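Okay, so here's the structure we're looking at.
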């Protein structure tokens, strides 16, 4: 019998009900499958129910939906059809239902105020959105009013009314003065919830004329200001004290209604002198823990996330020394509808049954109503398979026409809930989603799981067979899982073979084959053994293994569970580890670990290092102990100690160490006192009160320490007050309602007298409380109970004994106990940086909700599935902790092309808070790993067969394979390289027209849309042509490459000419860029015919604009692109003209950001003005000299040399352009001849100067910082390219030269 997970009969009805409630079919998350299946519409995004918009901006009402086929959209406004085609101001986004109402081009937001509802419809049904109430925000001006000055007697109460204008949404109120400074508030002066400013009693300092109420309307980012209010306080002596009277609320009782889940705010503000203190209680109960907060100096009671249990009477009590007043607020908590069970989508097969359940609660109880495709179900088209029973719709024997979208509406007087849930009836033949011929490898005696992911409607039956024509698998040796997986609990060698999975339903049948290989386990047949070796000796551990011949083992050695030391003394062999010249540090446990791709084994042994044979007797020794210790000059806090040194044993004494024993507090325990140089034999010692001292002396030389001397006589000092207080005082709560005060107790001699105790004092910080003190015995901890959760306390601990107190201690700040954080971080966002890295952002939680020391945030993230395989795996959650109040972090080490989930939690000293909702993100594609294998078989005279396996980690969707190969001769030189692109769905290839008896080297790799993965190499040889038949040359009329070589009619072979890895076709490779702010150096390597004319094409990366083309003068292999935009990503490629569109691959670079320093006007800089003046002066002097020489009629020495060594490149003055041949300033210079001197155009040969700007600006080794500054060294090129074109021939101005080095 086949084994399956079963359920008891008593639970059968419950499971059946749950299956009906959820769905009859589970649709796998396979992208190809989801694209093919029909599906009713589902609303995926919509605007909020109460949508307040900015009247100055365009109104965007969102409505997004998905479905198959894609849905169409329509809108209603105020219950009637909204024809957007008739309103020029209204448009609908393409492939979307989102409305855009153009307000910025003359529209009025008030004209579009109303109730909107979106409908998404396709052939399978219609889904509807919530009723979206669109209202423009309003920020009206303050009504003008005449404000009389307030004359108030000192000690009386006062209320300054704000009465802000009614806005939408309501404004935020605050009080400021004329200098825009917030008015200080306290227990005496505070702002009420209605915005009024309350004075419990006025003081003379309250006199001022600029009490101004401001109303801030956040939606429109405007602030309205009320006219200033004047207050004048006049004094009367004496000031009469008054008992509390409540200013708000008035009377003895009031009522308050709040909705479930909201924040309850109750307020009591009292008048009185002295200023009353407010206290809150709940009659007949306690204030809810962890949700109660006090604000506005305890005048406001705040309870978050209220529920029906929070209903009741809340009393506020205002008290001062003259009496009290109270007010009772009766709170009733109502509830808008909330879900108990929201309806969920149903996917059914024809003839099946199902149930839609819609259950909601509220106060009062909500009314449940159903709609079908947006129409009340009572007037919707009849469906015989449907029956409505209150909050449940029951479906029986559904057909494909039963597909529809149902809406459940739960409403009461406080709101409504609307949920869409579709019923999708599908009739689909079976499909197997597991890839064909998938290979599974396991170790013998371990479980094997063979997948058969499937889908069909009705749900297919799954059967497994072994072999192509084998019988169906049954029996206890197999487990058949509901998801189609076949489990072999204990796989044996005979389990190896082909397994066939068959899925069938009434609409068809399909099968799939997978392969199982069972490998022998890896074993260590000779383990390392325990070794004992002498220091400086040699030791060896053996680790001989046995493994499956198809698995490649990797052997790793560890020392004490860590890597071996980076030391050449450790020699790792194939089967052993040898340690040369052993030292004491080599002592430890050595472990041999053997890993394969399927299993891992290990074995350990201990190495013990012992001393080498004894060396000759040591001449030098430690000194003998000092003797004859004597105490003199005894005082209350000091004494003099003297001694006689012992024999130093041929090694001079360097110092003496003095120790003391406290016979009163710690008899038998010796403590360090001080030390003195070896030439000193007396010392003055400082003493503490109430200690019974004994002293001893130890001598020290280079060999070591002597034995201690005999103790001196005892000396008991008198008692005194403690000199110091305990150290390391801390206050850290162990529970949310306590404060644990700890300290380091004084040592016995620090007590200075008998009866040591501690006075522990504490009070809550920032609260006007008195110190609470308690005297405890000689302990180091005291626990204060009944404290609020995580509030700061001032703490001090003072020592005292029978004689009195220590000096006044300093105060430290501690905190009562922490509790777990209350809320989760919000607004979690994920930005995917690349295929293996993502950046996560979140909003910090309010510090009040942390309820402890904020230690940081933890990000839990885990891989859900691979997007390339759509196969789920065991979820292994990873955790990253970000310390402090950090609101972002990086997630490294992600797998490309995968789906991930994450959530964020805040952490305090108590633990972690609740997790944020799971956030789903996906990584993009990456480059694949190398193909899993490459086999070359069936060699013939002129062909080879290649077979390969797809990459183990495709990291995306494979687009193709790249095969490169070239022949190898007997001297291991490589011939021409041939490249072939192969479709991604191929797994074998026959190469024909090869040369016989020739070795070939193959390079093989896979590609995704991102790029090429790592390659795998292999070599193979075509067989010998024993008949000596003349073979046709490859490429003679067919084939894929040029002729490699030909054979002669005789028996020997004429070998071809081989080249050192040089392709026969032209190519441009290694395109590199060095980008600055507005220009970039482009360089490349060219292989092919000489005299090629190059060009550079470039454009903005990601743009669809045409490529811009720049011609390169001459045959140079570099070019400078100028006029680029700073901070922009560009794409670039290099081509050769006349080679039929031949060009390089694309490269991407980014220019540096615009630097502020480059915007400085250089013409206003002092150094530049001075430089220009110096240049002008030099030019003036040169002109004067030239003029004098010309008038004399003589020749310059340079001119004489040029006449003597005439250069054919130097031309005489031309009549048409009027230039001088010897001193031409033309831009187009000729290259220098080998024997020419320094020419007049200021170009310099390489032998004359290595400091050319050509090397800086366009050398292939030049590099630039991100801001464009040059950081390269001299190029080091032996030959210079001729200066051609605009890039290198223009004379650099001082401004340009300086800018290039900024």
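Placement of Cβ uses the backbone N, Cα and C atoms for every residue, glycine included.
The stretch that TrEMBL tags with region 'Disordered', taken from the ranges 681-706, 707-732, 733-758, 759-784, is 707-732. TrEMBL assigns the feature transmembrane segment to residues 1167-1188, out of the candidate ranges 1145-1166, 1167-1188, 1189-1210, 1211-1232.
For the domain 'Ig-like' (244-334), the partner stretch with the highest count of Cβ pairs under 8 angstroms, out of 136-230, 430-517, 521-608, 625-720, is 136-230. Remote same-chain partners of the region 'Disordered' (707-732), defined as residues 6 or more beyond its termini with a Cβ less than 8 Å from a stretch Cβ, comprise 624-627, 629-631, 634, 636-637, 639, 641, 643, 659, 661, 663-664, 670, 687-698, 739-746, 750-754, 756, 758, 762, 780, 793, 795-807, 809, 812-817.
If you count C-beta pairs under 8 angstroms between the domain 'Ig-like' (41-129) and each of 136-230, 430-517, 521-608, 1062-1154, the highest count goes to 136-230. Assigned with DSSP, the residues of the domain 'Ig-like' (337-424) fall into helix, strand and coil as follows: 3 helix, 52 strand, 33 coil.
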